[in-house]
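Student: Got a structure for you, written out below as structure tokens; questions coming shortly.
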Amino acid sequence: MTNIRKSHPLAKIINESFIDLPAPSNISVWWNFGSLLGICLILQILTGLFLAMHYSSDTVTAFSSVTHICRDVNYGWIIRYMHANGASMFFICLFMHVGRGMYYGSYTFSETWNIGILLLFAVMATAFMGYVLPWGQMSFWGATVITNLLSAIPYIGTNLVEWIWGGFSVDKATLTRFFAFHFILPFIISALAAVHLLFLHETGSNNPSGMTSDSDKIPFHPYYTIKDILGLLILIMALMLLVLFSPDLLGDPDNYTPANPLNTPPHIKPEWYFLFAYAMLRSIPNKLGGVLALILSILILAIIPLLHTSKQRSMMFRPLSQCLFWLLVANLLTLTWIGGQPVEHPFIIIGQLASISYFSILLILMPISGIIENHLLKW
């Protein structure tokens with residue numbers, strides 16, 4: 001008799017995705033982040049669901065409802081901080097996952113890569129709207145500044161912004177719709193993640209060498225399930241250290257002041273995971289140019305497969321490209337730091353140079369290094 005996990009229609013899908021899935025025998029710890037992202041998504045949906053039970057999406061009561069969750073709801077404080085810091089963990093895993101894809105040439109799976117870019121945009125949109133919900137000073141002014149960027153779109157910009165706001169400023173209508181979208185988007189992300197996996201399982205996983213691994217496959221369970229559980233334990237430990245010892249480490253003190261449209265905070269800035277893009281936005285003096293830089297900083301990922309000039313897929317055996325990759329990482333860290341600094345000398349010029357080098361590395365230097373490495377192969 002056939003095992004039920006191989007015959008039952010539903011169990012068969014799970015079996016072919018997580019148990020009997022043939023996986024390359026040499027995938028490293030960098031391949032752990034996909035499963036960790038799945039765990040983060042589940043954690044965010046669960047904690048978010050319990051927060052939504054007590055949250056009130058009205059400008060008058062939103063701030064006090066979050067305070068009520070932390071003070072009066074059983075274990076409300078831990079649910080709230082797990083949700084807030086869970087977002088940070090989500091983005092750490094996301095950046096690692098995208099970085100892995102770039103380093104090892106996983107972007108050659110174009111469908112999987114493009115769905116991944118859609119997922120990245122969806123997660124960023126969700127996180128932005130979630131940041132508005134506590135209705136603190138940074139929530140209100142962050143929402144005002146970021147949504148106002150759409151007014152840079154010629155002709156329809158102003159109408160578009162007022163349509164999104166549901167009025168002539170960020171107010172009750174904006175908060176209510178942001179809550180609605182913040183609630184629904186994670187479920188859309190779940191569906192996209194399933195499609196992401198579907199496309200990945202059409203081709204099979206990449207591996208560090210970038211070469212085909214059809215001749216050397218091992219079953220996903222128990223080898224990679226055990227490996228993923230180790231990653232999960234480290235993730236949970238890091239999250240709980242953050243939640244229990246310094247839950248406000250990554251937040252902004254201004255968000256503990258209720259939103260006040262009459263008082264602008266001295267430095268308006270988003271959460272840390274958006275700072276690199278925010279720094280690019282601020283480094284261009286023109287409004288429309290800044291908005292384009294902001295969008296292109298992520299959208300540039302879509303053309304990375306077209307800029308692949310090397311005969312080798314992975315960067316494992318390409319020292320020149322490796323140097324450029326780590327230069328890009330250092331560059332992004334610099335941009336993240338600059339995004340959190342006030343707009344004054346020397347931060348302005350550092351931000352501009354870092355923005356130029358970000359696009360230069362991706363669009364010019366990496367394709368050139370691929371061509372140089374191809375020539376070096378002939379020696």
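Every residue gets a Cβ built from N, Cα and C, even glycine.
Pulled the feature table from Swiss-Prot, pasting it below:
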{"type": "TRANSMEM", "residues": "33-53", "note": "transmembrane segment"}
{"type": "TRANSMEM", "residues": "77-98", "note": "transmembrane segment"}
{"type": "BINDING", "residues": "HIS83, HIS182", "note": "heme b b562 binding site"}
{"type": "BINDING", "residues": "HIS97, HIS196", "note": "heme b b566 binding site"}
{"type": "TRANSMEM", "residues": "113-133", "note": "transmembrane segment"}
{"type": "TRANSMEM", "residues": "178-198", "note": "transmembrane segment"}
{"type": "BINDING", "residues": "HIS201", "note": "ubiquinone binding site"}
{"type": "TRANSMEM", "residues": "226-246", "note": "transmembrane segment"}
{"type": "TRANSMEM", "residues": "288-308", "note": "transmembrane segment"}
{"type": "TRANSMEM", "residues": "320-340", "note": "transmembrane segment"}
{"type": "TRANSMEM", "residues": "347-367", "note": "transmembrane segment"}
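Walk me through where these features lie, including what they touch and how far apart they are.
Tutor: Within the chain carrying the transmembrane segment (33-53), a Cβ under 8 angstroms from the stretch's Cβ atoms is held by residues 69, 79-80, 82-83, 86-87, 89-90, 93-94, 96-97, 100, 182-183, 186-187, 189-190, 193, 228, 231-232, 235, all 6 or more beyond its ends.
Sequence-distant contacts of HIS182 (heme b b562 binding site), defined as residues of its own chain at least six apart whose C-beta falls under 8 angstroms from its C-beta, comprise GLY48, THR126, MET129, GLY130, LEU133.
Around the Cβ of HIS196 (heme b b566 binding site), the number of neighbouring Cβ atoms within 10 Å comes to 21.
Here the transmembrane segment (113-133) has long-range neighbours at 55, 57, 62, 66, 87, 90-91, 94, 97-98, 101, 106-107, 139-140, 142-143, 146, 174-175, 178-179, 181-182, 185-186, 188-189, 192-193, 195-196, 199, 270-271, 273-274, 298-299, 301-302, 304-305, meaning same-chain residues at least 6 beyond its ends whose C-beta is under 8 angstroms from one of its own.
Cβ contacts within 10 Å of HIS201 (ubiquinone binding site), excluding its own Cβ and spanning all protein chains shown: 14. According to DSSP, HIS201 (ubiquinone binding site) sits within a helical segment.
Same-chain neighbours of the transmembrane segment (347-367): 279-280, 282-284, 293, 296-297, 300, 304, 307-309, 321, 324-325, 327-328, 331-332, 334-335, 338-339, 341, counting only residues six or more beyond its ends whose CB sits under 8 Å from a CB of the stretch.
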Student: Are there any residues in the same chain, six or more apart in sequence, whose C-beta is under 8 angstroms from the C-beta of HIS97 (heme b b566 binding site), and if so which?
Tutor: PHE33, GLY34, LEU37, GLY116
Student: So if I measure Cβ to Cβ from HIS83 (heme b b562 binding site) and keep only same-chain residues at least 6 apart in sequence, which ones fall under 8 Å?
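Tutor: The list for HIS83 (heme b b562 binding site) reads GLN44, THR47, GLY48, LEU51, given in order along the sequence.
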